[in-house]
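If you look up TrEMBL, you'll see 39-247 marked as domain 'G-protein coupled receptors family 1 profile'. The feature transmembrane segment is assigned by TrEMBL to 24-47, 59-80, 100-118, 138-162, 201-223.
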Amino acid sequence: MQQNKSVTEFILLGLTQDPVKQKMVFIIFLIFYTGTLVGNFLIIVIIKFSRTLGSPMYFFLFYLSMADTCFSTSTAPRLIADALSAKKVISYNECLTQVFALHLFGAMEIFVITLMAADRYVAICKPLRYPTIMRRQVCTILVIVAWVGSLIHSTAQILLALKLPFCGPNLIDHYCCDLQPLLKLACMDTYAINLQLVCNSGAICLSSFLLLMISYFFILHSLRNHSAEGRKKALSTCTSHIIVVIL
């Protein structure tokens, strides 16, 4: 692993330097993180052991909750612990590991949300072919592809991060290690690397957003000739997914 010898650790400045506000950060994020863990754990357990929740939507929801748990765990525990620590030190290797986890599970969440939109499109626009198209084998392959895509994305980000030399200040003005704060500390012209990072992440976000918009465009278009009650019933199955997308 390429590493500049003069910088072996970084100091995270966190959300605030005020001792009182740090205690507030500790309490607030501990509550939210605990709620996130409990909520996702309940979703995972219920879907895993329920015989009535075997549809593709719940299959994808299972992996969305799993990815969300891992994504939250990659940042929240350190943020909570650092809120009460005098010196918020993170080693170079731990920093890059956190960057890798952030992008791996963050990309996985985006991909699964997109798959859930595709599932709703097939369910509403092609209801007769839905059991055939979205059978369990197909859903499993789609989730595997999502994991592979996430791994490729996060690996690409790390490979770019490994090119950065650090020889000056090691203060990261953030509560976690991420690529943009690291670029500010690098002892080199980071324009080209920054452009590659933006293109990498931007391509995933933009393509996923477009797929979401296209799927809902076709859903709304296919419902134009349905009765009001039919449209309401069909869209009610998308409510939870729409809320997640908006959030």
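Backbone N, Cα and C define each Cβ position, glycine as well.
In TrEMBL, annotation is done automatically, which means it is predicted and not curated.
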Where among 24-47, 59-80, 100-118, 201-223 do we find the most Cβ pairs under 8 Å to the transmembrane segment (138-162)?
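If we count Cβ pairs closer than 8 Å to the transmembrane segment (138-162), 100-118 scores highest.
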Determine which recorded stretch among 24-47, 100-118, 201-223 has the most C-beta pairs below 8 angstroms with the transmembrane segment (59-80).
24-47
Would you kindly list the residues that approach the transmembrane segment (100-118) from elsewhere in its chain, counting only those six or more residues past its ends and only Cβ-Cβ distances under 8 Å?
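Result: 57, 60-61, 63-64, 67-68, 70-71, 74-75, 142-143, 146-147, 149-151, 153-155, 157-158, 176-178, 201, 204-205, 208, 211-212, 215-216, 241, 244-245.
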Along the domain 'G-protein coupled receptors family 1 profile' (39-247), what average pLDDT does this model show?
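The predicted confidence over the domain 'G-protein coupled receptors family 1 profile' (39-247), as a mean pLDDT, is 89.
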